[in-house]
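Feature annotations, courtesy of TrEMBL:
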- 23-32: compositional bias 'Pro residues' (COMPBIAS)
- 402-414: compositional bias 'Polar residues' (COMPBIAS)
- 53-192: domain 'Potassium channel inwardly rectifying transmembrane' (DOMAIN)
- 199-368: domain 'Inward rectifier potassium channel C-terminal' (DOMAIN)
- 1-50: region 'Disordered' (REGION)
- 388-414: region 'Disordered' (REGION)
- 87-110: transmembrane segment (TRANSMEM)
- 164-187: transmembrane segment (TRANSMEM)
Amino acid sequence: MAQDNAAFCGVPEGVPTGVPAEAKPPPAPPQAPKRRPWGAGGGGAGRKRQRYVEKDGKCNVQHGNVRETYRYLTDIFTTLVDLKWRFSLLIFILAYALTWLFFGLIWWVIAYSRGDLEHLGDHSWTPCVNNLNGFVSAFLFSIETETTIGYGHRVITDTCPEGIVLLLLQAILGSMVNAFMVGCMFVKISQPNKRAETLVFSSHAVVSLRDDRLCLMFRVGDLRDSHIVEASIRAKLIQSKQTQEGEFIPLDQTDLSVGFETGDDRLFLVSPLIISHEIDERSPFWDVSRGQLERDDFEIVVILEGMVEATGMTCQARSSYLADEVLWGHRFTPLLSLEEGFYEVDYGGFHHTVPVPTPACSARQLAAAAARRDAHLYWSIPSRLDEAAAAGGEGDPEMSPRESNGTLASPESR
């Protein structure tokens, strides 16, 4: 069995699939063979492969020539939340400072137009706002009104109807500004983006045999003691393709099954897990051998989603693997050990892999070799009985008719 497989795929004796116990293991393959720079997929020689998603999860896509910029203003809240912190803080400060200045200016204009500034020492004069003697005091009164501080030194009187209307407008508008800006800052602070920093992915993906099947595997882990609830994993293959009609798709996305049909994509992420994609006839890697993998240009994007246990907000962590970050014939080292009363995870070896004997052929060729091997085993028993029947003669009294036809006879038939 192992010999047929080795002869077909170019695999030395010692492959784990059907290896006899007395077979000697082959020498370990070299660690992480060197790959050529990206160039076969359209890039120039020596050009580095451009990532679609960075290792830290940031999408390497920039939107240019956006003509309908007004759409950002229709959802101003999300626009402010998505801004960088320095711009958010600048807008936060300007929103309050400008409203204070605007209403302070109006309070000063009212006092100036009524003549309150000309009767500062006249106790028989009733101003619109007591103790308002200039623009600075009008600005301070605006701050006290909008923030409801109420020091009591400057206060509006009942002989100023325009001041009462302005007071109502500033109180309403100030409440709206407070609700909008404080809500925006709260959402920005409580965003679960930083939670993704403690969700780690292995630096490399590996291809090796698992239960006699070629599998593409990578490892995920959570560094925090608080868990990700309802965690799920997805994987996408990003690769350029050309359709049968001649249409070129530069970044075509293909799903890589990581257990959606069986529910294995739902993770209980308490300790690091190895996520496996079985390379079968539905996999885009069905015809990919080790040699072709070293020449291909593609990117595998992995997405881990779940709810943060502490806040209940949805968190998403992303990473990616280029073709030269997929190690053929490697396996991840174990991390979990049983200590006295608990399990311990050694994250020091989270990214470590070890070489293992793995066929260099594609999964299709491996399956074809296994099918021929099974067919050979199926027909070997009848052929040997036919040879025995020919040697013994058709009239041999020791052989029943069923045995002479090349089939096994049961004890009852003899």
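These residue numbers are counts, starting from 1, taken along the chain as shown.
Every residue, even glycine, has its Cβ placed from backbone N, Cα and C.
Remember, TrEMBL labels are computer predictions, not curated facts.
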Checklist line | Tertiary contacts of the transmembrane segment (87-110) (same chain, 6+ residues out, Cβ under 8 Å) | finding: 80-81, 128-129, 132, 134-135, 138-143, 145-146, 160, 162-163, 166, 170, 173-174, 177, 180-181, 184-185, 188
Notebook entry, point to check: Can you tell me how the residues of the domain 'Potassium channel inwardly rectifying transmembrane' (53-192) break down into helix, strand and coil by DSSP?
Noted result: 88 helix, 4 strand, 48 coil
Margin query: Restricting to the domain 'Inward rectifier potassium channel C-terminal' (199-368), what is the model's mean pLDDT?
Written below: 92
